[in-house]
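Asks: Sharing a structure below in structure tokens format, with a few things to ask.
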Amino acid sequence: MDKLLSLLGVSILAGLLLEAFAQTDLTGKVFVFPRQSETDYVKLIPRLDKPLQNFTVCFRAYSDLSRPHSLFSYNAEYGENELLIYKERIGEYELYIGNQGTKVHGVEEFASPVHFCTSWESSSGIAEFWVNGKPWVKKGLQKGYTVKNKPSIILGQEQDNYGGGFDNYQSFVGEIGDLNMWDSVLTPEEIKSVYQGVPLEPNILDWQALNYEMNGYAVIRPRCVALSSYNKIS
């Protein structure tokens, strides 16, 4: 009897864990953050956990926010803004690595779907930016740095500490989808393929096999914006 109860307990625990940490093919779907808050977010669990000397992150976002907001927040256990993608305003993005940031500017339309990619190479410190398949100006930061592992990766909020410290005035409101991350710098040809909807086997975060945890009022819905809508800005 005790053995049966023990097995039942293990089964219930396993079920709860599966609900909390789902691995799902999210092709054609988006995370929707419907409101400004400090409680609504999605935690992403990486497939590969290692210190990073190179990376590429790509995703699609659709929002009508005009205030500053976080798009991708990756914090290490010790330190702040280990890897942060932040949007200050229309046509202005910030990339932070090891709590040092750089800004990039370009042409965007308000409340238009955006496909965004950024990559960074430690050996040169060069960060590249691509918006709707078009390259923006390259910048440099944190040459020789290594992005720490064991991250807390959050969508919908900006972390001021490891896994928390949220501010509703920095929260994201809108849709995020097709988020993938690699431990390498993708070539321009590969970036264009990703922009066209080819994921190219991401090994850190894979939208087609994503581990995530939903928190607060965040939901999954079919993507209503066609991929062709992301090439309005050229």
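Note: Cβ is positioned from N, Cα and C throughout, glycine not excepted.
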Asks: Out of ASN54, ASN81, which is the one Swiss-Prot records at the Ca(2+) 1 site of GLU158, GLN159, ASP160?
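Replies: So, going by the record in Swiss-Prot, that would be ASN81.
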Asks: Rounded to an integer, what is the Cα-Cα distance in Å between ASP160 (Ca(2+) 1 binding site) and GLN170 (Ca(2+) 2 binding site)?
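Replies: Cα-Cα distance, ASP160 (Ca(2+) 1 binding site) to GLN170 (Ca(2+) 2 binding site): 11 Å.
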Asks: In the structure shown, which of the binding-site residues GLU158, ASP160 has the fewest other Cβ atoms within 10 Å?
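Replies: Each of the binding-site residues GLU158, ASP160 was scored by Cβ atoms within 10 Å; lowest is ASP160.
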Asks: Please report how many Å separate the Cα atom of CYS58 (disulfide bond) from that of ASN81 (Ca(2+) 1 binding site), as a whole number.
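Replies: The separation of the Cα atoms works out to 18 Å.
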Asks: Output, ordered by sequence, the same-chain residues six or more apart from ASN81 (Ca(2+) 1 binding site) with a CB under 8 Å from its CB, or 'none'.
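Replies: Correct list: ASN75, TYR96, GLY98, ASN99, GLY101.
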